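Colleague: The structure that follows is given in the form of structure tokens.
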Amino acid sequence: MTSRIRFLMCPPDHYDVDYVINPWMEGNIHKSSRDRAVEQWQGLYQILKEHAIVDLVTPQKGWPDLVFTANAGLVLGDNVVLSRFLHKERQGEEPYFKEWFEGNGYTVYELPKDLPFEGAGDALLDREGRWLWAGYGFRSELDSHPYLAKWLDIEVLSLRLIDERFYHLDTCFCPLANGYLLYYPGAFDSYSNRLIEMRVAPEKRIAIAEADAVNFACNTVNVESIVIMNKASDALKQSLTGVGFQVLETPLTEFLKAGGAAKCLTLRVTEPVRDEVHANVYVESRIIRIEGHLLDSGLINRALDMIVDTGGSFQVLNFNLGEQRQSTSAAEVKVSAPSHEVMEEIISLLIDLGAVDLPQDERDAKLEPVIQDGVAPDDFYVSTIYPTEVRINGQWIKVENQRMDGAIAITQTPNGLLAQCKILRDLKAGEQVIVDVLGIRTIRKTESREQRNTQEFSFMSGGVSSERRVELVVEQVAWELRKIRDAGGKVVVTAGPVVIHTGGGEHLSRLIREGYVQALLGGNAIAVHDIEQNMMGTSLGVDMKRGVAVRGGHRHHLKVINTIRRHGSIAKGVESGIIRSGVMYECVRNQIPFVLAGSIRDDGPLPDTQMDLIKAQEEYAKHLEGAEMILMLSSMLHSIGVGNMTPAGVKMVCVDINPAVVTKLSDRGSIESVGVVTDVGLFLSLLTQQLDKLTSPYVSKVG
């Protein structure tokens, strides 16, 4: 027997499932057998006594979970951090555990009352004593980890739990002797799994399957080469014996009903201290402020959910609620993250929501030089669609050329510092680029409940009068088109060939002819099939009047391409009279600029199609400047490209029959975006009908 190893247990005299505080308890209230629980506990107790010393804490009536002594606290040397239970059903256990620790000569540290930490259930020492694995996500708070590092003088590695079945770290994670680790990867987020893989060599990691995990195979007591558990599959037992462990199974099914097994029923109270190991914690905290219609728009919920979903935790320090419906609210939130990497990701997302530092915490943005043309520093800040300002030398500077997925470059000009979004290929050596997430803020429009609730419209979806809902969107779009046209504004259309295939070409042609469109962006295909329809009456070989395939029609588009190539351009085809109507005809006749961006699948292509991708992107960006509205008509590829080039504030209408496409295009966080799930030909037909109701015939000033 290894007499120096000691464990603390509590007899199950008052054990029962009296309430539900984890998924395992659901359906098991008062369904546990006291006699069987005592028998199973005694089985574990006797096995453990053969390999270690076992101390007992006195059971207390009214506290059925006192039997799970792993949650008493966390012991290292002569120090113990007492648990702060999340649920009131267990908070009454704290004084009894504190009394036992103090009576046995331990120095007891107590966390603030509002900071949950559930002891060795959520904090497991590496069996070599090198560091402490600390879990968070369901019971213990991430903010408790710096206290553990300070009081126990040890490096703390934070792991986020994401499967509610494994609500404590010890239900899915068990450090073993000789540097081995038994764990269930599915219980952790990707960052935590990566951290585990960085710290534990592949040959030392024993990853278990879900079938073993739900039998609490990781809730194991390890005494040197002995592992004591509820149950293990033959494959798991073979893995453990293969690396030198002796597996001892003892049934603990009565305790599984409350969400615990062998490890939960024990607390190791002799944990040696390594003198060369000292405190190190990677948890970062930062206080942010967010303002707006936080409640009725759901903004505060989105911000807090975003923090948790990205791997952080939060504490709302102050919340000032607007006094009236039109008043805005403000909140100060402490954000914590397990590492700087995760903190950067969280803050980047919060910046998109309009979060800012407290005035006293404002700092200049961090800059790093571009070393190689077209290559940003590794940690560069990725720009978004929202108007952005960066803090340089104590001054906030507006970022020019706002767009998604760029870097923010800082250059000195005769008129002062210039901050502008640049795509990576345009970066030049010597420029300074914003890195990290300090000194960055976005300027967001105040968002109300009404705006959030009218984001996306579906045609023929569930609900009452869904067709009417699409008509309502069409009415709004028509009204906006009319207003922009009459004010001399700019509307850009990006369209795919489906517009032609669905019979929408004549309606789009009319929009161009009547002055509602100031630029057309698309690919080779929309022009090819538009011209095919107007020269040969087919689109992709289908007769547009009868809706049937024409014999040999699959060759029509190639003949059209060949004809236009012979003339040299679409404009020359119009001038020669071979193109007499259609979308491209109206663009040429009304001097509406168009850009056709090529792709690897293009036939021909048409002579007007820009096959240089970089030039095509530049031409797209040029024609998007000054746009007030963009109609994205059934072209996911080109529409996504346009969306990435477009700053917030531009109204976007995304139309596609595929809901996934609409969601992808419209869900960019812009409150000006509207998604319409419907047939694009039908949408354009409804749109022109609605415009007829709003306006008198329009006479073109050109031609």
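Numbers run from 1 along the shown chain.
Note that Cβ sites are derived from N, Cα and C of the backbone, with glycine treated the same way.
Here's the feature list from Swiss-Prot:
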- Asn22, Arg90, Arg139, His168, Cys264: L-ornithine binding site (BINDING)
- His168: active site, proton donor/acceptor (ACT_SITE)
- Cys264: active site, nucleophile (ACT_SITE)
- 285-694: region 'Ornithine cyclodeaminase' (REGION)
- Asn524, Ala525, Asp603, Ser635, Met636, Leu637, His638, Asp656, Asp679, Val680: NAD(+) binding site (BINDING)
Colleague: On a C-alpha basis, identify the one among Asn524, Asp603, His638 that is nearest to Arg139 (L-ornithine binding site); the candidates are the binding-site residues.
Modeller: His638
Colleague: Would you mind ranking the binding-site residues Asp603, Asp679 by how many other Cβ atoms sit within 10 Å of each Cβ and giving me the lowest?
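Modeller: Relative to the other binding-site residues in Asp603, Asp679, Asp603 has the fewest Cβ atoms within 10 Å.
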Colleague: What does the structure give for the C-alpha distance between Asp603 (NAD(+) binding site) and Cys264 (L-ornithine binding site)? Integer Å is fine.
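Modeller: Given the Cα positions, Asp603 (NAD(+) binding site) is 67 Å from Cys264 (L-ornithine binding site).
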Colleague: Provide, as an integer number of angstrom, the distance between the C-alpha atoms of His168 (L-ornithine binding site) and Met636 (NAD(+) binding site).
Modeller: 44
Colleague: Would you say which of the binding-site residues Arg90, Arg139, His168, His638 has the most Cβ atoms within 10 Å of its own Cβ?
Modeller: His168
Colleague: Determine, to the nearest whole angstrom, how far the Cα atom of Asn22 (L-ornithine binding site) is from the Cα atom of Met636 (NAD(+) binding site).
Modeller: 44
Colleague: Counting other CB atoms within 10 A of each CB, which of the binding-site residues Asn22, Asn524 comes out lowest?
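Modeller: Across Asn22, Asn524, these binding-site residues, the one with fewest Cβ atoms within 10 Å is Asn22.
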Colleague: Taking the centroid of the Cβ atoms of Asn22, Arg90, Arg139, His168, Cys264 (L-ornithine site), which other same-chain residues have Cβ within 8 Å of it?
Modeller: Ile21, Asp65, Phe68, Asn71, Glu118, Gly121, Tyr167, Thr171, Gly259, Gly260
Colleague: With the L-ornithine site defined by the record as Asn22, Arg90, Arg139, His168, Cys264, how many Å span the farthest pair of C-alpha atoms?
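Modeller: Roughly 14 Å, rounded to the nearest whole number.
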